[in-house]
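A.B. asks: The following block contains the structure, expressed as structure tokens.
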């Protein structure tokens, strides 16, 4: 018997609230934090989010009868209270994998964080976490190369990599920019980098900048016998221009390029990652604009979701925050998304804000890049927090050294001392001060850096904290 079409407005709960539903292995699972408008029941709010982010609209439509709505609809299957927050609650929603185009993080985001975020019945909405089923993960190409391949390309093993963002970030001519790159690489760094807003400005057009940077890299490599690199930012006004810059970087021998994946867009980023894989070029990812989306604890997208999206879209490095520097970052939450970048399988762990198990299959891991207000005194904590597969990037903490290019040498000595102490079984965060003092006895560069920044701290409370019960 044909189904009967009943016109009119139907309560979302009748179709999209399914507390008895058991999610399938192939379902994409999402956890939303919801604050409904006054008078809107929780059950209605969670069902509305499931509807508006999948197949629903505000009224019943006759075209529902032309498809298998039960197969395609999102299902709100559970809710939980948010510890310490009486207004908010968590809603867990399962989406059938067929709702999403294969390999398209753009399509996933368009559904999960699209129109639903402007829904009037919801006062605040935040996407806290997503479980991507392995069946979907395997449709994405992911990082162009990954951690192990990068170590092989750069011939660097057994320690975090060391970098520096060239400062001032804007205003240097191409020749002076190249000089700064050379001094940093010659002093002992593995990488230098463009900052996120270095593109092609009147003071330094991109091609001139690329040429002087490659000249600096080649000179530093000849003098040190080490592989060196600089993240050449190919973010551009159009995809065609972006690929033109990437092609030129490859032509002149650059080992690594850079992209601002949020401001540049996920379509551009996924395409660039595929190009890097095909052309043997490493890809560093900057997260400029992330805090607009993730810093508000009640509305937006949590950074752990942006981390997962980047791993699917593609990048060999991603900025993750530092915990100890000048930028926002809760320690346990940061450790959580670092694991989501690097590990093959991550278990649910609410103490670190991870709501779902996540299986990445054979997808390569991503280097965690930490930068922002860090200096030599932070080195013991950074090596402890980030471990081996990280890029520690000191901008002002390199170029702010009173002796100029000695800042690079100071950071290299501090890193080597901490890695050696770690390998000998020392607890770096407890013994770090003594480790650095001992190393400084043989390094005037490190000693001066320690004296310069001994009073510098960034002691501000984290805005976006993990949701835990107030004591």
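Here the Cβ of each residue, glycine as well, is placed from N, Cα and C on the backbone.
Copying in the features that Swiss-Prot gives for the protein in this structure:
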- 167: active site, proton acceptor (ACT_SITE)
- 286: active site, proton acceptor (ACT_SITE)
- 115, 165, 169, 287, 319, 371: substrate binding site (BINDING)
- 193, 195, 196: Mg(2+) binding site (BINDING)
- 193: N6-carboxylysine (MOD_RES)
- 326: site 'Transition state stabilizer' (SITE)
A.B. asks: I need the most crowded of these recorded positions: 167, 169, 319. Count other C-beta atoms within 10 angstroms of each C-beta and give me the top one.
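C.D. replies: Counting every other Cβ within 10 Å of each candidate, the maximum falls on 319.
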A.B. asks: What recorded positions in the list 167, 193, 195, 196, 286 lie within 10 angstroms of residue 319 (substrate binding site), counting C-alpha atoms?
C.D. replies: 286
A.B. asks: Taking only C-alpha atoms and a 10 A limit, tell me which of 193, 195, 196 are near residue 287 (substrate binding site). These are the binding-site residues.
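C.D. replies: Passing the 10 Å Cα cut: 196.
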A.B. asks: Report the same-chain neighbours of residue 115 (substrate binding site): residues 6+ apart in sequence with Cβ closer than 8 Å to its Cβ, ordered by sequence.
C.D. replies: 52
A.B. asks: If I restrict to non-local contacts, at least six residues apart, and a C-beta distance under 8 angstroms, what lies near residue 193 (Mg(2+) binding site) in its own chain?
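C.D. replies: Looking at Cβ-Cβ distances below 8 Å from residue 193 (Mg(2+) binding site), excluding near sequence neighbours, one finds 163, 164, 165, 166, 230, 231, 258, 284, 393.
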A.B. asks: When the Cα of residue 169 (substrate binding site) is compared with the Cα of each of the recorded positions 195, 196, 286, which one is closest?
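C.D. replies: Nearest in space to residue 169 (substrate binding site), counting only the recorded positions, is 195.
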A.B. asks: What whole-number Å value do you get for the CA-CA distance of residue 195 (Mg(2+) binding site) and residue 167 (active site, proton acceptor)?
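C.D. replies: Counting only the Cα atoms, the answer is 8 Å.
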A.B. asks: Check each residue in the chain of residue 286 (active site, proton acceptor) that is at least six apart in sequence and keep those whose C-beta is under 8 Å from its C-beta; list them in sequence order.
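C.D. replies: When sequence neighbours closer than 6 are ignored, residue 286 (active site, proton acceptor) has 196, 233, 258, 259, 260, 261, 319 within Cβ distance under 8 Å.
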A.B. asks: On the Cα atoms of 115, 165, 169, 287, 319, 371, which are listed as binding substrate, what is the maximum pairwise distance in Å?
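C.D. replies: Those residues reach a largest Cα separation of 37 Å.
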A.B. asks: Residue 371 (substrate binding site) to residue 167 (active site, proton acceptor): how many Å between their Cα atoms?
C.D. replies: 13
